[in-house]
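Novice: One structure coming up, written as structure tokens, with questions to follow.
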Amino acid sequence: MAEALLPLPRRLVVTASTPACSSASSSTSPSPHCLLSRANPRPPRLAAPSPPRHRRLKAHAAVSDKSEQPKWWEKNAGPNMIDIHSTQEFLDALRDAGDRLVIVEFYGTWCGSCRALFPRLCRTAVENPDILFLKVNFDENKPMCKRLNVKVLPYFHFYRGADGQLEAFSCSLAKFQKLKDAIAVHNTARCSIGPPVGVGDVLDSPEEKPAEASPR
């Protein structure tokens, strides 16, 4: 009875509980690593899937942040740069500008030259807070752009008070000095009286009256 109560040797327990190791190693000596792994099995690593999941979450967050960033043409330099979405908005902006110099940029979201020039234009807007910059998306305002004879992008119009349209020209990043020279010429102190001229052609033209005969 006393012998029956004695604990079995540890080696016998390991050998009995690991038949796979014994049978698999019948031709060779048993590996100590196999015995240790069977005698002391490691608990499952529950935290193992966490790193991949965290990486997926971080990747998803990075993609979400990138998708929420504004596109290049949606970035504005400040309160003196406004997006125009209709002819009425365009006319209202010119009217509300008063005697301020207004620079209108006609651009296309697909235009590589427009994109290259845009950061320089934003810096110019920051350097000239007294000038109002209007951005007109060509694809969103095709009828108005056609009436204003915009045939190439990027294209610029200069307006000021009762003087109306002062200049109209195309400009690229390589020729940006042309725009700065025009600013130096037209952004001078002045006072004007009356509504702006030169912008009425953006609306439907009134019916033309027959020309009167000139006096002989």
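Keep in mind that glycine also has a Cβ here, set from the backbone N, Cα and C atoms.
A quick note: this is a predicted structure, and the numbers were derived from the prediction, not measured.
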Novice: Check for me: which candidate out of CYS114, CYS122 does Swiss-Prot give as the disulfide partner of CYS111?
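Specialist: Partner cysteine, according to Swiss-Prot: CYS114.
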Novice: Measuring CB to CB from CYS114 (active site, nucleophile), give everything in the same chain under 8 Å that is also at least six residues away in sequence.
Specialist: TRP73, TYR107, GLY108, LEU153, PRO154
Novice: Enumerate same-chain residues with a sequence separation of six or more from CYS111 (active site, nucleophile) and a Cβ-Cβ distance below 8 A; give 'none' if the list is empty.
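Specialist: Those within reach of CYS111 (active site, nucleophile), by Cβ under 8 Å and sequence separation of 6 or more, are LEU153, PRO154.
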Novice: Grab the pLDDT values for the domain 'Thioredoxin' (61-188) and give me their mean, rounded.
Specialist: 93
